[in-house]
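Q: Shown below is the structure under consideration.
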């Protein structure tokens, strides 16, 4: 794949309050853009499964199918985002993502919901290309423009604003707006927020690295290079698998937890508030892990905080509320443990490009983004396939087992750039 601007060779920006807290000052508007865009995208997250299932001619199965196909589109957009950012520049990719999201959301709301399950699934799914192009295009911009000694906090802030929108503040806004204006009108509200975020990301970020192609030699062939790196560099393939597991359960939870907690007696607003609090814990975790990974080491953080932590928390988040019943504080505690543990995977954003050979950073980033996108497909697909066979409890055990497998696999995610290894080498 064509070469991205080398990480760590950019001159340090002047000291500022933003830089001291870990945000690259020239990219600050981009963080705000991603926050607003993902709030808009995340508004639907906590209730879209039940909303789609209630449409004329639809069912719970149709809703699960729509979300799984949507996840496939997210995976495609995630795969394309790294290479397209290299070929055309991150800003151009962000603009394309915003345009796709806006156009197909309007079509979904005006045509898709009244055209039967097939039309609903098609228009909703195509919109799934939008947010990964926008958000992960900016992620590539961060990696290309940020010195390596500041990259981990910068990435921590990216995932902070990403998760602040999808689903944290999005679910909070939905919990307030749905009782006031209704579920359908709330989707139009989400469109407005996406338009604002898309405009800021398209026009307000002026950092020069991302305004043009990151490589003069990149071409469409590099899309295949982004796949071939998985067998040229097995560590990248392992990292891809771990990244998929990272969020697969999270996206799967969005499909069945609304029904599960409704069965326990939770109202829709109470579930949306719970969802918000789970990811408030994740936001805190993103910031803590972004800084502490330098001391713990990237790989160790992924293994122990991320994979093993999520395996335990996944079981707690289902089985403890199942026994406790309609007990909101208990659900919040268990959910918050999962949200915090999920942040343990943040160092993968630094590990993946660091494990790639010189010249393959863009391919590694493409696989990182593909993993994020595939999680949005794999999680709902597991629910759609296995829930009818083994029930919700069986699906939860499947997700926990995947996290344990990720913990075992992560032992091979090693690089000299990992602070843990770097300290040992310097000793």
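The first residue you see is number 1, and the count goes up from there.
Cβ atoms are placed via backbone N, Cα and C, with glycine included.
Sharing the features that TrEMBL gives for it:
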type	residues	note
DOMAIN	26-418	domain 'Major facilitator superfamily (MFS) profile'
TRANSMEM	21-40	transmembrane segment
TRANSMEM	60-80	transmembrane segment
TRANSMEM	92-115	transmembrane segment
TRANSMEM	121-145	transmembrane segment
TRANSMEM	157-181	transmembrane segment
TRANSMEM	187-205	transmembrane segment
TRANSMEM	240-261	transmembrane segment
TRANSMEM	273-292	transmembrane segment
TRANSMEM	304-324	transmembrane segment
TRANSMEM	330-352	transmembrane segment
TRANSMEM	364-386	transmembrane segment
TRANSMEM	392-414	transmembrane segment
Q: Tell me, please, if the transmembrane segment (60-80) and the transmembrane segment (364-386) are in contact, taking contact as 3+ Cβ pairs under 8 Å between residues separated by 6 or more positions?
A: yes
Q: Mind checking which residues reach the transmembrane segment (187-205)? Cβ under 8 Å, same chain, six or more beyond either end.
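A: Those are 26-27, 29-30, 32-41, 43-44, 91, 94-95, 97-99, 101-102, 105-106, 109, 134, 138, 141, 170, 173, 177, 181, in sequence order.
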Q: Out of 121-145, 304-324, 330-352, which stretch has the largest tally of CB pairs under 8 angstroms to the transmembrane segment (364-386)?
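A: The stretch with the most close Cβ contacts to the transmembrane segment (364-386) is 121-145.
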Q: Using a Cβ cut-off under 8 Å, which residues of the same chain at least 6 positions beyond either end of the transmembrane segment (240-261) come close to it?
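A: For the transmembrane segment (240-261), the nonlocal Cβ contacts are 45-50, 60, 63-64, 67, 71, 167, 230, 268, 270-271, 274-275, 302, 306-307, 310, 314, 317-318, 321, 331, 342, 345, 348, 352, 367-368, 370-372, 374-376, 378-380, 382-384, 387, 392, 395, 399, 402-403, 405-406, 409-410, 413.
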Q: Report yes or no: does the transmembrane segment (157-181) come within contact of the transmembrane segment (21-40), defined as 3 or more CB pairs under 8 Å with a sequence separation of 6 or more?
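A: Counting Cβ pairs under 8 Å (6 or more apart in sequence), the transmembrane segment (157-181) reaches the transmembrane segment (21-40), since there are 3 or more.
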Q: List, by number or range, the same-chain residues at least 6 past the transmembrane segment (121-145) whose CB is under 8 A from its CB atoms?
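A: For the transmembrane segment (121-145), the sequence-distant neighbours (Cβ-Cβ under 8 Å, at least 6 residues beyond its ends) are 4-5, 7, 10, 24, 26-27, 30, 33-34, 37-38, 41, 52, 62, 65-66, 69-74, 76-78, 80-82, 84-86, 90-91, 93-94, 96-102, 104-105, 107-108, 111-112, 151, 154-155, 158, 162, 166, 197-198, 201, 205, 207, 209-210, 214, 349, 353, 361-362, 365, 369, 372-373, 376.
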Q: Express the predicted model's confidence over the domain 'Major facilitator superfamily (MFS) profile' (26-418) as a mean pLDDT, rounded to an integer.
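A: 92, rounded to a whole number.
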